[in-house]
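What follows is one structure encoded as structure tokens, with my remarks underneath.
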């Protein structure tokens, strides 16, 4: 997002007039990016090698963090050897000969931080190390995080996700709230203990700080959980529950964190301020809803664009007919449009003061449900592959940066008690979240969450990039620096230790492993077909099938049939030109589309893949609670015709 | 490449503590990027619509430039309406309460420019408009230009390119030198005339400035030429000549421009300085060779990496065996490695003071020749698709920025005489370049460059992104601002007017259109097989077939057979583990790989595609000159076995 004018180096380079003497700064930037790229390459290759040797305990995230730490060590040693790398910080305007009209001054947050820390800890000897940081945080979180989140949401197994929607929403919404409160209270107890033991002053850690820490560490990390689950290939329902929860609780944790910081400046320390509290709750709900709507708005735009000018069949015919030399191919356009509009959802949310990550998350979820149906097969797989590469590289960059920061951030505050309290409280909070909610959910679910699943869910609370991004944004007070340090340690511990222990644990809990999504999806749909659709088709189903799908995709009955007569004009405008005559054909074509599973695409889509993302409507009345009685009056054939 | 620390906004945002009040600057940045994205979307959709209506005269580049100009008009009107958008330029450190230890000052080149212009033209009323610029030039040229150049080089039809290598090299190297000198001399004449007519002062336009203009406008633009050629589907030999020339002459023009700027500071005005001249020539050759080696070095690294840990067959088996849930898929890794290492070639060249664009160009050419053979089919098509999207979006962003700058750059210098001289001289120089060189080349070519081809080549000298990027880097003197203005007008004129006139011209010149690359490739190879390989297999063939291919790919005879005995250890180290036993199998598999043609990929690779990028060795002795007598002593079967 660094889109502002700052081409000092060009002016300077051309001023010197010599190509061989490009400004030092440009070379330095190139060297730093090269270092980052080398790190990524080493990570990719060594993790690949380890996997080839069947050593599955380390995945990309853990490897990236490890190499980032190695780089951190190297940087610290280089500094201690007296090699002051990159110390000439003010040498950026060699072309500046007289006073310019305007000067743009950028103070890095690290510099900003020194000021504060310098006051408290003037003996700190690591000040110059932090200049070495490889990435602009801005680049990291505005360029690399959104594709990771988008890809996570986009590749969520829609069918199973909707089948478990109720449970996933419960865990991610109420679970995160419980977790935040629980951690906050535990940590507040710990900080009181620290005050008693004389390890902290009375005003150092406020309740708000503790709740902030709770909110930050409540976000379980989709990236590392996906890595873990995919490597182990656990039971697919467990997979959906854990991954769906981790994707959605990021949204809740991000908004919760902001709501808590909104509360912060109003309250005068310990005193409870009801109006500020209400304001925080309002901000929480407002931002969550606003970001949801923003994400959905961009899906609607993408769906309508992809719907009108690029109908799949026309596109297909064009592709066949068109000579290879022609540049105006549709899959490229489709991919570009989806990419640009999805990124716009992030930017628009940012521009309007909402949460970009949350918007892009909902955008990804809804793009996968609606837009995808309007896009050609080739366009689908290309969009997915594009986001896959972005997400893969982004996750490597973010995790190596986490490892790097862990060893080079000059103002870590290690409080043994706080850290041990945090380690304890994340397990306590996870238990308080999973067990009671599972108990409640099992009352309604036909397909119960078993005890071993619950144990594994408590265990698999890995923390990662989103928690780090929330913790690193503010390091102005000692409490917040303690939070950053502790969050980094928690992330490292959960990714390495819990990640490595997951395999033996799954064995001892006797949970199915080595699941095959394709075979399973057949079992799953036949099972569903036997159960038949639920009579209690709720609001969601009505909305999705009667309005959203006909409005946004080529599937479903034409709007003209669904809407009342007085909406005729509207219905005709929003119906695609050929929906009536082609509907039958579509319903035949649809099952052959490749599935949007959680796999990273491994082979080109073949028409034999069991594509069943549209059979989810069989299940939608269930909402994961399986409450309704089995009703076979609507045969499944009928349901598949609606798709 | 903006990878420096500058998270002022995060510090500031968290200082304010409220999410709804993210700093103005972050929202502004988001809005600017949104504007750019909307522009890109409008371009994509409207050009698509036009193409659907069979109106082929406008392609993406022309459309993007047009919409950029529309935005420019809008911005100017908004400004004149007294809406001072984005004027608070220094409002970036709200969190700064006391003096920090270090301050990083960035002076934008525009600001830098004002200073100079302010001295000359204090009445300029457009100063604040330039703050509106949407993109950091740095982002534009370091992020968007390399993939465009890489993609151009990567998708060059290797077989035809090598068949025409001699001619392409002649046009791009000697042709560009001729063109530069010719334009320089013409323009120098024009500036003398301007001095005589009193339109310019004596010292305003030096010969060096004129030669600089010559070098800048000698770069014909691969992006718009590819657009033009692909839409019209002209004769494939003509296609290769024009496109190959446009890709390679960018390298020559870039290095030439820098060599001329190297000369600039040494010479005192008009006086000729032999030592500075020699220095310039040295710098020209040094940078050209250095960048070539840098690009090739990274290809060697990519090839060796892709060669050892990811042998295609092993990879293929893994892909089939591996469950869909597994994340460690090879195509993703291959794509990531190729992407990272190709980008590294650009960065390394930058870091060592060479030309990044030239390095990435040679990297693309050699990746397409060697690395691609080690990569799985899926990895190949994904790499290509990834760069295709980058290149497509990059070209839209760069061309809309060109259109935007044309209307909003506040310091345009429109000199009617200079501009008309420039328009005349680009045609004169093109004629002086193409006709004599074609005459010379036709002496050696069996497949002559016909007169109508020559006419069209003179005509199709479109200018674009590279010329713009060279012109915009330095706007410190009036001469250089005149150059920028004129270059932009030349680009606009050539893209719109020549682009639209190409279709009728081709008809009137009676040049084959609507060529089908697939059908043609069959004709071409049978034709070649009949002609048989040339006995005069030169240095290139030896190097390529006897060392590079065996060293870098799985194709060709094992190194142990090729190298003398005393190199045995070396040969064994660099031979892939399974080359001996698998060679036969490879030679059977190879012809089924999809071709790397100029098309933007339209459908997933099918094994039936006539993949013939390896048959080029049949032709390599020819070097496009067809000098040697036909010798059928080596049957083509033998040659195809070597591959």
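Keep in mind that glycine also has a Cβ here, set from the backbone N, Cα and C atoms.
TrEMBL labels come from automatic prediction, so no person has curated them.
Under the heading compositional bias 'Basic and acidic residues', TrEMBL lists A:599-618.
Under the heading domain 'Cation/H+ exchanger transmembrane', TrEMBL lists A:41-506.
Taken from TrEMBL, the feature region 'Disordered' applies to A:591-643.
Among the features that TrEMBL reports, transmembrane segment is placed at A:29-50 (among others).
Per TrEMBL, the feature transmembrane segment maps to A:57-78 (among others). Within its own chain, the transmembrane segment (A:57-78) has Cβ neighbours under 8 Å at 35, 39-40, 42-44, 46-47, 50, 85, 126, 129, 132, 134, 223-224, 227-228, 231, 392, 395-408, 464, 491-492, 495-496, 499-500, 503, counting only residues six or more beyond its boundaries.
What TrEMBL lists as transmembrane segment is A:139-156 (among others). Within its own chain, the transmembrane segment (A:139-156) has Cβ neighbours under 8 Å at 1-2, 222-223, 226, 240, 243-244, 247, 250, 342-343, 346, 350, 356-357, 360-365, 367-368, 384, 387-388, 390-391, 393-395, 397-398, 401, 465-466, 469, 596-598, counting only residues six or more beyond its boundaries.
Within its own chain, the transmembrane segment (A:168-190) has Cβ neighbours under 8 Å at 161, 205, 207, 210-211, 213-215, 217-219, 240-241, 244-245, 247-249, 251-253, 256, 417-418, 421-422, 424-426, 428-430, 432-434, 436-437, 440-441, 624, counting only residues six or more beyond its boundaries. The transmembrane segment feature in TrEMBL is assigned to A:168-190 (among others).
If you look up TrEMBL, you'll see A:205-229 (among others) marked as transmembrane segment.
Positions annotated as transmembrane segment by TrEMBL: A:241-261 (among others).
Per TrEMBL, the feature transmembrane segment maps to A:281-307 (among others).
Positions annotated as transmembrane segment by TrEMBL: A:328-347 (among others). Away from its own ends, the transmembrane segment (A:328-347) comes close to residues 1, 142, 146, 150, 294-295, 297-299, 301-302, 305-306, 310, 315, 318-319, 322, 356-357, 359-360, 363-364, 367, 371, 375-376, 378-379, 382-383, 386-387 of its chain (Cβ-Cβ under 8 Å, at least six residues beyond either end).
Taken from TrEMBL, the feature transmembrane segment covers A:353-373 (among others). Residues of the same chain lying 6 or more positions beyond the ends of the transmembrane segment (A:353-373) and with a Cβ under 8 Å from any Cβ of it are 142, 145-146, 149-156, 158, 247-248, 250-251, 254-255, 258, 287-288, 290-292, 294-296, 298-299, 302-303, 306, 338, 342-343, 345-347, 380, 466, 544, 548-549, 552-555, 596, 613-614.
As annotated by TrEMBL, transmembrane segment applies to A:385-407 (among others).
The feature transmembrane segment is assigned by TrEMBL to A:413-432 (among others).
The transmembrane segment feature in TrEMBL is assigned to A:483-502 (among others).
If you look at the transmembrane segment (A:241-261), the same-chain residues 6 or more away from its ends with a CB under 8 A from one of its CBs are 149, 152-153, 156, 161, 164, 167-169, 171-173, 175-177, 180, 208, 211-212, 215-216, 218-222, 225-226, 229, 280-281, 283-284, 287-288, 291, 355, 357-358, 361-362, 449, 453, 457, 460, 462, 466-467, 470, 474, 598. Beyond its flanks by at least six residues, the transmembrane segment (A:281-307) meets 251-252, 255-256, 258-259, 262, 334, 337-338, 341-342, 344-345, 348-349, 352, 354-356, 358-367, 370-371, 374-375, 552-554, 576 of its own chain at Cβ-Cβ distances under 8 Å. Sequence-distant neighbours of the transmembrane segment (A:205-229) (same chain, 6+ residues past either end, Cβ-Cβ under 8 Å): 59-62, 148-149, 152, 176, 179-185, 187-188, 191, 194-195, 239, 242-243, 245-247, 249-250, 252-254, 256-257, 260-261, 263-264, 267, 269-270, 395, 399, 422, 426, 429, 460-467, 470-471, 477, 479-480, 482-483, 486-487, 490-491, 494-495, 499, 502, 598. Sequence-remote contacts of a segment are chain residues at least 6 beyond its ends whose Cβ falls under 8 Å from one of its Cβ atoms, and for the transmembrane segment (A:483-502) they are 57-59, 61-62, 65, 209, 212-213, 216-217, 221, 224, 227-228, 232, 402-403, 405-406, 409, 412-415, 418-419, 422-423, 426, 456, 459-464, 467-468, 470-472, 475.
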